[in-house]
Structures are given as structure tokens and as C-alpha cells.
Amino acid sequence: MYTSPALLMVLISLISIILLIFCFSESYAGVVATNEQGVRGRFDMIPKYDRAAAISCIYLWFMLQSVATNIEVIATPFAISLYNWNDATAVFYNGILQFISCCINVVNYIVISYTRIGRIDKRKLLIFSCSCFIVYHLLTFPWPFYGGPLDFIKIDDNSTVEDTSISGGCLRRYEWCAYTSRVPLIIYVFSFIVILGFAFPFTSAPLGTVFSEILGPRKQGMMQGLFEFGACIARCISPLILTILFERSGYLWTTLMHLGLLSIGMALLIIFYQRIVPLRLRPKSGIPTPYKEGVFYRL
């Protein structure tokens, strides 16, 4: 049940490595050319990129990966605790929800690529996506009017073993189950399928493009590495933090944590809205523009 997906990903990764070795040809499209010594021409000056805009993009990618990790880590224990599903049922139904949501993701990626939606200002798409994530977490927040408390795992009269492979529910060591409300199943299903089906593509698709445009036509290996490093940090630390929070407080503080991250992301998009733009290679006349060797002016 748990090993098959991992083995499948090992196979896919091996195929990807083979394709990378034999089919990938590295070339730099749109990069300002250099001579054989790697030095640009005297008049080939690229302005410095906006660091605040670049850092905002790195944070947004970190935020997206943290939210994705939260959903991946919490989905199964969340369903077991709230809806009394056993292990197999939780994995099966969450897999179905994930499949349908991913189908919506694919449709949205196609829409972004081949329709006028993709030509909308990418900053607006990012704000829309961030809003979707916030709505998802608000809908799946343990509001007191949702009803509860949660049910504990049923055990036999002569047993003390809580086996989630047989019966779902809350473990008795989770004290928060006694006062935590249950998100209605219909709201959980709708949020997981529809809202996340729109939220992920409208960050994943435009964000990398925006980040590359902010950096401009220069070699971006270092900055793209930092971009992915932020995502790796989220993937490394989020499971540890989320597991501890879920064990101690259920899904209350995991939801609040991500609402905080999303609020910061939304604030960055609004505050730096005018700066999250492609690098201007031809600055306005008479304005001092910093570049690697100093400052230049365009007359």
C-alpha cells in the first residue's frame, strides 16, 4: 500500500535520468553573449535585478512547497481522525481525491498555456492562487460551528490495542480529539478537489517565469539553485514541524501556520507588486542604474 508508489517513483526517476543524459542538450537562449574569456562587450551592460522581487519569488516557492507538504503529510491521519476511515480506506479515498484534483490541475495548465488566461498579468495569477490557498485553509479550519468532538478508535472489550488498519478514529493519546470539531466531508472533498485544483497551477506555472524575467538575460544557475533550495528547505523541515503540531494539537496549528505563511506571501505580492516585473534592460534616460561593474546612464 505504501511501498508501491515509492517503487513507481524510483522507476520514473531512473527513466528521467536516462532521458536527461541522452536527450538533453544544454544551451542558453536569450543570455547576453560573452567572448571566449567569458567577458561581455564593453557596452553590454545588464542592470542588477531587484533583490526584493527575487526574494519574494523564492519565498512564494517555499510557501507553495510547504503547503503541498502539509497536504501530503496530513491528508491520511486527517481523514482517519476526522472521518473514522481505516488506513486502507483513507489511502484509497485520498488517492481518488488527489487524482481528480490533479486532473483539474492538468486542465488548468493547458488553459494557462493555450488560452488568453496565460496572457493575464502573472502577478494577478499569483494573487488569485494565493487567495485560493487561503480559502482552502479557512474552509478546512476547525471552526466551532462545524460540530464535534471527534470519535476515538473503537477497540474490543478485552483489548487496549488501537489498530487503525481495522478501525478509524482518533488515538486516545490525542487529547485534542475531545474538543476538536469535524470539517464536514463535503467541504473537505470540495476544497481538496476544486480549490486545490485551481490553486497549485496558478502559482507553479507563472512563478518560475516571473522569477526568470526578474533576473533578466544573464546566467541564472546560482539564483535558480537558491530558488529550488527554498523549496527543498520546506520539504525537509515541514514534515517534522507538521508531525509535531498534529500530534500535540491536531490540525488547528498546522492550519494556522500555513495561514500565516500564506498571509505573508499575499503581503509580499501586494507590497512589491510594482517591483515584481521583468528586468528593464533599457532604463529611463538620465536615471543612474547599477550593474555589476558600477553604475551606468542612458542618454
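Here, residue 1 is simply the first one shown, and the rest follow in order.
From the backbone N, Cα and C atoms, a Cβ is placed for every residue, glycine too.
Automatic, uncurated: that is what TrEMBL annotation is.
So that you can see what the record holds, here are the features copied from TrEMBL:
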- 6-31: transmembrane segment (TRANSMEM)
- 52-71: transmembrane segment (TRANSMEM)
- 91-113: transmembrane segment (TRANSMEM)
- 125-146: transmembrane segment (TRANSMEM)
- 185-205: transmembrane segment (TRANSMEM)
- 226-246: transmembrane segment (TRANSMEM)
- 252-273: transmembrane segment (TRANSMEM)
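Long-range contacts of the transmembrane segment (52-71) within the same chain, counting only residues at least 6 positions beyond its ends with a Cβ under 8 Å from a Cβ of the stretch, are 126, 130, 133, 192, 196, 200, 203-204, 207, 210-211, 214-215, 223, 226-228, 230-231, 233-235, 238-239, 242, 254, 258, 261-262, 264-265, 268-269, 272, 275-277.
Against the transmembrane segment (252-273), stretch 125-146 has more CB pairs under 8 A than any other of 91-113, 125-146, 185-205, 226-246. Within the same chain, residues 1-2, 75-76, 79, 85, 125, 189, 192-194, 196-198, 200-202, 205-206 sit at least 6 positions outside the transmembrane segment (91-113) and bring their C-beta atoms closer than 8 Å to a C-beta of that stretch.
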